[in-house]
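> If you scroll down you'll find the structure; I have some questions about it.
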Amino acid sequence: MQAVLIVLFGGMLTAVSATEDPFHDVQPALTVMLSPADNATFYGGVSEKESTPKYWRDLSVDVLREKLARPLNKGVAKNLILFLGDGMSLATLTAARIYLGQLKKEAGENEFLSFEKFPYTGLAKTYCADSQVADSACSATAYLTGVKGNIYTVGVTSSVGLRDWENMKNKSYHTS
């Protein structure tokens, strides 16, 4: 039985390896790929202009000129808007950009999300006192009060754990 499974698995692995996969190939041989929007085709791969150093240097200079041409705002901010995204890491943002571009039948890497176009932005990454992957509860507590709490807790210090009803009532553990 074990020998049959090994042969079967080996055959499946060979079949999968022989299949063209334009989305996971490092340098796709195919220039036409499927769009996730409607399974229509769009052109992907590396364009001729992107394969020259001049293209990338000119692109960098253009972005730098655009940023330097923007007048510096020395005023005091009237409002502050926080986007608090659970699991919204840089890798997730990149995947969202690529997907957005593919919905437009483009390769996607040069796309931007709407909030990435704001003139003044900052990026902060937080974590819970007891977890490296934060949820919105402990993230909001950290952003709004400057105090880290435990995962699934809001507005309390890390002295309060999940379902710790007694300590939740203790005002000395409240962050505000």
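Cβ coordinates are placed from backbone N, Cα and C, and glycine is handled just like the others.
Under the heading signal peptide, TrEMBL lists 1-18. What TrEMBL records for ASP86 is Mg(2+) binding site. As annotated by TrEMBL, Zn(2+) binding site applies to ASP86. Annotation comment: TrEMBL describes SER136 as active site, phosphoserine intermediate.
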> Reported as an integer number of Å, what is the Cα distance between the residue listed as 'active site, phosphoserine intermediate' and the residue listed as 'Mg(2+) binding site'?
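The residue listed as 'active site, phosphoserine intermediate' and the residue listed as 'Mg(2+) binding site' have their Cα atoms 6 Å apart.
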> Three states by DSSP: which one describes the residue listed as 'active site, phosphoserine intermediate'?
helix
